[in-house]
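Note sheet for the following structure.
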Amino acid sequence: MNLYKEASWFLSSNGKEGSLQTRIFNASQAKKVKTNPKHLYALVSSTLKYKPYIKKIIKSAKLLELEKALKEPMALLLVHDLLFTKSGRIQMGKTPLKESVLRHKTRLNAELTKLKLKHKVKSLDELIDEDDTPVRWFRVNTLLADVDSVLSSLDLKEVASVGKLQPGCIYRDEYIPNLFGVSPKERVTQSALYENGSIIIQDRASCFPAFILNPQEGDSVIDACAAPGNKTTHLAAHVGPRGAITAFERDIRRSNILKQMVKKAGADSIVTVNVGDFTHSNPDDFTDVTGLVVDPSCSGSGTFGRAYEEENPQDSYSEERLQKLSSFQFSIVKHALSFPSAKKVVYSTCSIHAQENERVVVDLLNDSNVKRAGWRVANRSRIIPMWHRRGLVEEFEGFPNPEQLAGGCVRALPKVDGGIGFFAVLFERDSTTEEGSVDHSAGKQAVQPSQEQVKSQGQPDSESEPESDYEEWNGFD
Ligand code: SAM
């Protein structure tokens, strides 16, 4: 009974306060729900997926009119389990609630059959666009395992291209070292390798930033927006036990997930988690830091897997919201560009909107402090040159070299490019000569705004935090 009661609560509050996964995870951490969060999530997300059809069936069968004690969210869940699961079983003992649905079983089944006939399908699955990644990507965590032992333990047949992937096969990525793709049906998260941190589920494009920054063993780098920690642990694998990562995360709950992930990845001796706002850090305290990854909150327009959860998806990408995000992204990258010994800064988002991507780059390139510090967009040759999809040339019009600037950015389209939609750019500078050094006072003024300014710049509050990393975060595993 708990299962349905708690699920109906999440179903009723859908579309509010962040993603379904986050809400269930947080409620479970805070011990506000008793049910296993994995079961809760599976039930609620599947009910949401079929909701329009279940609603039609309930309406045609007049279920709510005949059973006054039954409320809509509970009816949706119970009918879902009765008609849309393999077992066709409502998972509760003999209760009046269960009986109120079961006594209409024949009528409900008849309505399901009518619906299938109407849509000319054998199963309603055929009407649902599977909102899942086309490839399940995982990275071998070289801090804990080596590629050969992982491959022999998985015992899958290697194929030469992503297109050839099917269950039982594995594809070695041609762009990112130690990255592999398998069919989403492959249960990699149930393997011991996943449990013990030897492999980390991480979308291919999400591996771009650490690869592009390419810190060397022993380097000291910053991950400015770190939770849940995919890029932090990837950076840790690059710098190794002699290196150091400072991982900033301003959301306390998410910083706990980050700490868990760092521990699981065997990176606790390399990573220092700094729970706080990166823009409030003092660059002069990090004179040994040579590189930074800035992967801030974004609209998440390149991600998928939440389509059924969104009540008003258009609100997430309104011009006003993109504008707010973009000024926040500008200020956080600008702060990263003010670190005195930094030679490279990677900026990335999982958004497909130019406002959060190329336009942020344009604003930074036009910023006098950034110019004075000698930052430029690295050439294509420095940023996964063989990757086909680059920045949008038209966004750099007005610069003498728009093609070159666009070539210095990488983009990925959701699904079409084998995973989430993504954007990354590398800023670099040769040396910290006097001319090339950052104007700290001006930089700090600009990047440490007052609280009011922070608000007007659209620093997203944690409640409305877009879970742009949703697809990668296996919070329940
Ligand atoms: N890089 C992460 C990964 O690959 O696993 C995903 C980062 S997610 C897109 C953005 C994160 O930045 C969120 O956890 C958010 O709470 C955090 N964040 C946003 N603004 C921040 C700030 N000013 N300082 C530190 N963290 C911030």
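Positions of Cβ are set from backbone N, Cα and C atoms, glycine also.
According to TrEMBL, the features are:
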DOMAIN    126-430  domain 'SAM-dependent MTase RsmB/NOP-type'
BINDING   Cys225, Ala226, Ala227, Pro228, Gly229, Asn230, Lys231, Glu249, Asp277, Asp295  S-adenosyl-L-methionine binding site
ACT_SITE  Cys350  active site, nucleophile
REGION    434-477  region 'Disordered'
COMPBIAS  447-459  compositional bias 'Polar residues'
COMPBIAS  462-477  compositional bias 'Acidic residues'
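Here the features listed in TrEMBL are painted onto the structure.
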residue	record	contacts (Cβ under 8 Å, 6+ apart)
Cys225	S-adenosyl-L-methionine binding site	Phe248, Glu249, Phe278, Val294, Asp295, Pro296, Ser297, Ile332
Gly229	S-adenosyl-L-methionine binding site	Ala247, Ile257, Leu258, Met261, Val262, Ala265
Lys231	S-adenosyl-L-methionine binding site	Ser206, Pro209, Ala210, Asp223, Val293, Asp295
Asp277	S-adenosyl-L-methionine binding site	Phe248, Arg250
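Cys350 (active site, nucleophile): 29 other CB atoms within 10 A of its CB, across all protein chains. Counting every protein chain shown, the Cβ of Ala227 (S-adenosyl-L-methionine binding site) has 27 other Cβ atoms within 10 Å.
Following the DSSP three-state reduction, the secondary structure of Ala227 (S-adenosyl-L-methionine binding site) is coil.
Taken residue by residue with DSSP, Cys350 (active site, nucleophile) is part of neither helix nor strand, so it is coil.
In the three-state DSSP reading, Asp277 (S-adenosyl-L-methionine binding site) counts as coil. Here the C-alpha separation of Ala227 (S-adenosyl-L-methionine binding site) and Cys350 (active site, nucleophile) works out to 14 Å. Here the domain 'SAM-dependent MTase RsmB/NOP-type' (126-430) returns a mean pLDDT of 94 for the predicted model. Considering only the residues assigned to S-adenosyl-L-methionine binding, Cys225, Ala226, Ala227, Pro228, Gly229, Asn230, Lys231, Glu249, Asp277, Asp295, the longest pairwise Cα distance works out to 19 Å.
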